[in-house]
Structure formats: C-alpha cells, structure tokens
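*Asks:* For reference, the structure I am asking about is given below.
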Amino acid sequence: MPHRTFLWFILPSLTAMILFIALPIVSVVIQSLHVEHEQVLVTVENCGPFGCTEETRVDRAATEALREAQPLGRFNGLGTYLDRRHLATAEVAEAWRSSETMGQFWGRLMNLPFYKALAFTLAYTFIVTPLVLVLGLAIALGVNGLPRLMRGPTIFFSLLPMIVTPLIGSLVLFWMIDADGVIGATLARLFDDPNLSLKASPTLTWITIFVYGVWHSAPFAFIVFYAGLQTVPEETLEAAMIDGANRWERIRYVVIPHLMPLAVFITLMQLMDNFRVFEPIVGFQAQASATSLSYIIYSDLRGDVQQFGSAAATSVLTILGVAILLAPVLVRTWRDFNRKRA
Amino acid sequence: MSFPRLTTLTAVATILGASAAMADCGIASGRVAILSNDFPALQAMAAAAAECASATVTVTANQTTEHRDIQVAALTANPAEYTSAVVANSSIVPLMNAGLIRPLDDLIAQYAPDLPQLNRITIDGQTMAVAFMANAQHLYLREDVLAQVGAEAPATYEEVLEVLAAIREAGIMEHPFAMNTGAGWNLGEEFVNMYLGHGGDLFEPGTANPSINNETGVATLEMLAALNAYANPDFLTFDSNATQALWESGQIAVGYMWGSRAAGILDAENSTPEITGATALAAAPTVGGGTVPASTLWWDGFTIAANISDEDAAATFQALMHGLRPEVITANNDAAVWLMPGFTPGASAEGVSATANAGARPYPMLPYAGLLHTALGNELAAFLQGQESAEQALADVEAAYIAAAREQGFLQ
C-alpha cells in the first residue's frame, strides 16, 4: 500500500487516538508537574446553629489573583513525584540509613503509601496472571473434550464470572465471606475458630482478592484458548498419536506450542488489566489491608478537597509501570515479527 | 441535562408526579436544580420543593451519596449545572474556597425575613447557607442487655468499656460493640470525634500546621483500640449500613452511630420488636475526664450557586423554602433532627439533642480539615490492625497531611 493511501486509511483512528489518548496523557503529565497556588488564609468569625467560632478560611480575592496570574498553578518540577505520597526519595533514603536489617527497611518502606500500594499491585499482577493462564487453558482443554451437545451450556456458565460486573462480583463474594456469610461461616466451622475473619487479616484479604481476580479473569483466557484449540491441526495430533504420544505429551508438544502466540496475547492483556486492579478493593472494602496504585488515585480525587496534582503524578507512575511490565513481552513480539519477515 | 444516577430517576419521577398538583409557590419563572446527598429527610425536602414546578418553573434534583465529588465541577460551569447544592459543615468549604456560592442575605431579606439567626450560616458577616437539620454520632444502647449485667447507661467511654467487659464476661455477646470504623472517611471521623472529646485541637491555632502527634492523640488512638477490642474483627470495613444492620439483627448491645440512622433503627423494618423496644438513644459519652461529648455536631443546609441568573437564584430560594415549610417538616418529623419550625423532637432525635445540649463541638469548618481527615482515614488502619505503634501512626498521618497540604498550597 502506498504510504499516502495508508496515511489516509488510518487518519480517523489516528485522530481519535491523539484526541482521546495522547492529549489527555500530555495534560496529566503537565498537571503532575504543577501544584496549587499558595492559599492566602484569613481568620473570620463563622456562626451557625451551634454558635460562633473564629475560624480560618481562604481569602478568595487574594488567592484568585494568584490564580489569574498563573492559571496552571505553581511549577513544582518533579517535586510531587519525589514527595512522601509518591516515590518518597527522602523517606526511603532515611529508612535505608537508619535500618539495621533488610526486614526493618522493608517494614519502613511498606509504611509509605506508594510502596505499600505498589507491593500489592505487583503481587496481584504476578500471582493472578499465571494462574489465569493455567486455569484458562485447563478449562479450555476440559470443555474441548466434552461431547458437542454439552459444550454450549458449559461455555455459557464458564463465562459468567466475566459477564458479571466486577463490582457486583466482588460485592457478592464480600457478603459470602462475611462472618455470617456462607463461605465465612463454613471456614470458621472447618477450622473450629469462631474469630476467623477473611476481612480482618491483611494476608487473608490479599488471598481473597487474588482468588477473586482469578475467578473473574480466567474466563477471558479460557475463551481465547478455546478458540485457539479449534485451529490445532488434526494431522499433527494424529501423527503424534501414531508416534505413541499420550494425552499429556500431545498437549505439551503440539497444543501448547500452537497456542503460544495466544498465551502471549493473554499475558499482555492480563498484565495491563491486573496492574490497574481497582474494583475488588472497593467491593471488598479492603483499603485497610490492600491498596493499589489505581486505588490511591481514586482516593486522591474523592472527598472535600480533590488533589489533582497528586493523582496526576500517581497516574504517570502507573503508566510507566505498565510500560516497564510490558516491555519484555513487546520486545519479544517485535523480534518474532522481524524474524518472520526476514 | 443528563441524569447519571438511578436515584435521580426516582427524584424526577416524584417531581413529575408532584408537578401535576401545581401548587403555587409564588414563583413567576426560573430554573431550580438541586444537588444533594441521598437520605429520607433530603428526599422529602426535594419532593416538596418540586411542587413549585409549573409551565414556567422547572424543578429537578440529583440526589446521590457521591454529591461531594461532583459539586465543585458542577457549580464551576457557567451557568452552573445545579442552582443549589445541599451541603454540610465540611462540604461547604470547597465551594466557599472557589467562590461558587452566593451570599443569601438579600434573598433572606426579601423572601424569608423571619428566618432565625440559628439557621443562618454566616461567614465573615455574610449568610452563605441556610441550615435546616442537625446530625451527630451518639450512643445507642440495648437496655435489656444492660439490665442483664446490672449496668446504668454509661456517660463516659471508660464506663462504656466496663459495660462491654461485663457483657462479654456474662457470655451474652462476644462482640457487643460497633462504631463506623471502616478505613477511609468513617475512620477519620471517629478519630476527630474522640480527639475533640479529649479536648484536643486538630491544628495549631490560626495555622494549617497539624497538632495531633501528642499525648492527646495517643490517648485517642488507645481508646479507639480498646473499644474495638469488643467489636467484630471485621470492624475496619464498617460503614453506617453495616453498623445499622448489626444493630437491627441484635448482634451488638452498644453502638456509636449517626443520629440520622435513628428513625431507620427505631422503625419496625428489618428488626424485631424486642430489639427496637429495648433500644435507647443517649448522648455521646465524654472521655478522659473531658467535659464535652466525644462527638462533632454537623448541620445540613442549602447554598445557592453564584454562576446563575438572579431570577434562577430567587426561584431556587423560594422553592427550597417551600420544601422546608412547617407542613413538610411535620409530615417528616422523624426523618431528621430538623432546625425548622414545625418540628417536634421525638424519640429518634433524643441522641442528637442530648449530644448538642451537652456541649459537643461542631466539626471544624477549616479549608484544610478535609486533607487531614483523608490522611487520618488512610493511615490509622495500620495501628488498629496492630501493625504499628500509636506514635508511628500519628507521625504518618502528619507526614501524609503535610505532603498534601503543601501540594494544595496551605503549607509552604
């Protein structure tokens, strides 16, 4: 295709991508480099149903004048990125200096909100993603082995966790693991410990969210693998059978290599999705035990004062995180592509 | 105009139904659009205000618990998306800071000259909001359980701990206590209540510098931990819905919950007569030898947007006052602790009234209080889970607050 035609061909989607993806990211980056103006404070008398008090408030006229002069806010450079709520360079250096053991350093690091969220986010990503791949493949192979008549209904039921809205799915599970819920009560009876609570202990909360994540995403891997299974060449499988390969060997040496590109695709999607884990934390009200990068962005933007600069900095760090995570997979795909072309 | 939430649809449905009545509020023309929280008292007000709708007057309402997150953006638009935002002590602050609400003195002089001083939220001499209901967290007690252990209604948190110990010892309940300790805003609010009850001040006077990392702060956290040793281990997930459900199912005997939940707790729904009949409402206890209840007083009131025409502002003011007229208040008497004529304090108002009469302090209306509140809600859970010391938790709160306050321009 001539370059000119190609350009016209992708122009609509390119425009949309620039408008709705590139420009917002640029605006977030700019926002993350700025902080609010200095607020001019004055003390005034406030009166209400409960009497009068002397309280501080923002002198609006003076603050407005500052804002007019610099509509973007004060330029802060990377200051927001380095403060305690993000990379916390000063606090990390201090913790490194004053800690005697690695354990102590780790404890102090986990006391900083960004690293605490990063730890959960990475743990979630690297535990849920492989489990989703393995489970998805297992379900796909299982369903593929079923008689044709039963496949339709089985596929429908296997897809249900993905169809259910994430928030609803996590809420349902949240109620089930309540001390009075069907899972919570059963576990308490099983372990003979009336105080066992999946919501109280951070470790159990993490495990619960991991289980939820696998439950929610496995159908995606399953349906992709199942589609791939329909294209496995019959001749190769028959040849393997004639060579005396058992079922496991056929899966290991024929099916899995054939499905490898799909596995890469699912890994890519899952890494991206899982790194942005958010809904289960809200659904399980787990913020006491588990926070993710997306959750701290959400928390910055809620409440009486919206903290855009801080949220923007965390967003940029999240984008960088996704880029770093995806880099190895993308490099590999790029090499494969070049090799095939050569 | 777009209506993103289901609650809005119900509000619109009521409005359509009500507009058929075509009550005359004396409004010639104008646009009335209300943004508010979503609970029965506010629903009643909005429905009554909607009676003012006519061929020349439109009345709409968006009632959602997420109102605080959209109010600044919605009122910044010109003309503003909503002509009125219903706010509380804390949520009026961002609107004030951005100059998005107008002084109401002229409107009051013209349309409600008799409005008592009590209802006028005046800031630096200008009335910025009309307060119409009060709210506070206070004690809920199961009298039958207290009688079983021979205890009187506790007046201090130290006595509360004794009662809880007695209930556990008698084998009546393993976890007899609950308060709204869900990590986030709720937990931050419990700290503020207990800290003010200890006589502490959240900030150094006249500045935005925090002052919670001190003996009072430690005593506050220790009391919270001591109380929650008697709560279900899930307590860091408790919001108002969770604690109300615990109460109504009879699983707790002492609760510290919002006054606005009283009507729901005392009615026959979702509970048994044995539980509702034995439920008593009492003032929030004092703590640590303090003299004022460990609770903060809250008002709910309406404001009127700055970025709208004077005609719309006048229409909105009249419609909202129509929504708060004595007949509406009387018909919804138990839905809130109203600050308006027509209200007869009933059983469900006892807790809030007792707390206010005992001298509880109002929640601070400071522009940076919200930032400290957020930091408290995020950082205190680690202490209550036993992962760090009280001093460390308080130092974390101050550090988190200082970083946020610097970014917002309150601290240098």
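The backbone N, Cα and C atoms fix where each Cβ goes, glycine too.
Please treat TrEMBL annotations as automatic predictions, because they have not gone through curation.
Sequence annotations record features per position, and here TrEMBL assigns transmembrane segment to A:7-30, A:117-143, A:155-177, A:204-229, A:250-272, A:308-331. Annotated domain 'ABC transmembrane type-1' per TrEMBL: A:118-329, in sequence order.
Map the listed features onto the structure and describe their local environment.
*Replies:* If one looks beyond the transmembrane segment (A:155-177) by at least 6 residues along the same chain, the residues whose Cβ comes under 8 Å of a Cβ in the stretch are 139, 143, 183-184, 198-199, 208, 212, 215-220, 222-223, 226, 279-280, 282-285.
Long-range contacts of the transmembrane segment (A:204-229) within its own chain (CB-CB distance under 8 A, at least 6 residues past either end) are made by residues 120, 123-124, 127-128, 131-133, 135-137, 139-141, 143-144, 155, 158-162, 164, 166, 169-170, 173, 177, 197-198, 255, 258-259, 262, 265-266, 269-270, 273-274, 277, 280-281, 284, 286, 289-290.
Residues 125, 128-129, 132-133, 136-137, 141, 217, 220-221, 224-225, 228-229, 231-233, 236-237, 240-241, 322, 325-326, 329-330, 332-333 of the same chain sit 6 or more residues outside the transmembrane segment (A:250-272) yet have a Cβ under 8 Å from a Cβ within it.
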*Asks:* Under an 8 Å Cβ to Cβ limit, what residues of the same chain, 6 or more beyond the ends of the transmembrane segment (A:7-30), are close to it?
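*Replies:* Those are 1, 72, 312, 315-316, 319, in sequence order.
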